[in-house]
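Under the heading NADP(+) binding site, Swiss-Prot lists Gly13, Ala14, Thr15, Gly16, Glu17, Val18, Phe161, Ala162, Ser163, Asn164.
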Amino acid sequence: MPSPHFSKVLVFGATGEVGSAVALEAHALGAHVSIALRDTTKHNEWISPSQEHAADLQRISADLTDPDSLKRAVHDTGAQAAFIYAVRSKDTLRGAITALRDAGIQYLVFLSTSQVRTAGTTKGDIRSIKPDHFIPWQHAQVEIALEELEVPHAAVRAGFFASNPLRIYLDRSSEPKQVNLLAPEVPHDPIDPKDIGRAAAAVLVNPRLYASGYQGEPKKDVVYLSGPALLSQTEQWEIINRELVAAGKPEVKVNHITVEQYLENLAKLHVPDVVAKSLAKSMVETRALYAPEDYEKSRGNVELLTGRKATAFDEFVKREIPRYFD
């Protein structure tokens with residue numbers, strides 16, 4: 001294996017489904033990986049203790065809302081590059097980005113969202129996204145901060161998480177389990193969060209920015225990631241129920257709901273209203289996001305970056321059934 005461009009990396013969000021995959025894949029690519037945690041004793045449901053030990057993951061105390069902790073983390077680990085994600089902060093992570101840069105981080109990979117492409121008044125202009133479309137606006141603000149602070153970076157603009165139907169929308173409190181679908185026939189591009197993490201790790205450890213022949217912006221690499229097939233929520237749940245039956249488990253009851261009911265359900269889950277409304281908007285307005293000329297390019301990027309085909313939705317469901325239905 002060739003030596004990695006960055007041999008020491010710092011990964012935030014490693015107790016989540018994407019960050020955990022970033023950490024493990026960065027190790028597999030030859031980097032020494034430190035995982036930044038607010039609570040270094042926190043249980044990690046995505047990386048087992050044996051995996052953490054085998055990958056020699058170093059737990060370090062750091063918080064993206066605490067710039068001083070970031071400076072200490074970089075100094076203590078000697079990290080040259082870091083993976084970050086959007087967290088709620090008054091300055092849209094400008095303080096965190098500045099602290100990481102000033103402490104010695106040379107390059108950042110930011111987990112963004114593909115929604116930023118079409119959420120603004122002008123396609124592709126992240127500065128034209130309004131705050132009321134909160135999710136893409138929040139991610140766009142971090143990208144803008146990275147640009148204005150002149151930090152070399154990659155914006156990994158990921159599509160619809162394949163885990164959303166199971167992690168967010170499945171009601172496991174009812175019997176039989178049920179799901180309430182808003183805009184069931186609208187297409188989405190479900191992508192395995194592990195594929196997102198692996199692709200992000202590839203551009204974290206060996207950035208395309210520094211590869212010979214790179215022709216993009218000098219300090220910004222934009223990476224769009226989509227799943228291998230466009231599927232409506234109806235099609236997704238047909239697949240989920242088929243795999244449940246094959247596994248000897250009861251099917252999930254599928255209900256169709258209005259926007260008002262969708263917002264009520266998210267309110268019960270204590271999702272902030274501004275986030276809930278942005279989620280509703282993103283569930284309904286996807287056709288521009290998956291324009292053929294854009295989707296055909298992004299669907300191949302997982303394989304391009306990782307050398308492995310993107311996980312099909314049915315394969316993802318088979319793998320995750322024990323997590324959500326046992």
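Glycine is no exception: its Cβ is also placed from the backbone N, Cα and C atoms.
Keep in mind it's a predicted model, so treat the numbers as computed, not measured.
This view paints the features noted in Swiss-Prot onto the structure.
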| residue | record | contacts (Cβ under 8 Å, 6+ apart) |
| --- | --- | --- |
| Gly13 | NADP(+) binding site | Gly19, Val22, Phe83, Ile84, Tyr85, Leu111 |
| Thr15 | NADP(+) binding site | Ile35, Leu37, Lys42, His43, Asn44, Glu45, Trp46, Ile47 |
| Glu17 | NADP(+) binding site | Trp46, Phe161, Ser163, Pro193, Lys194, Gly197 |
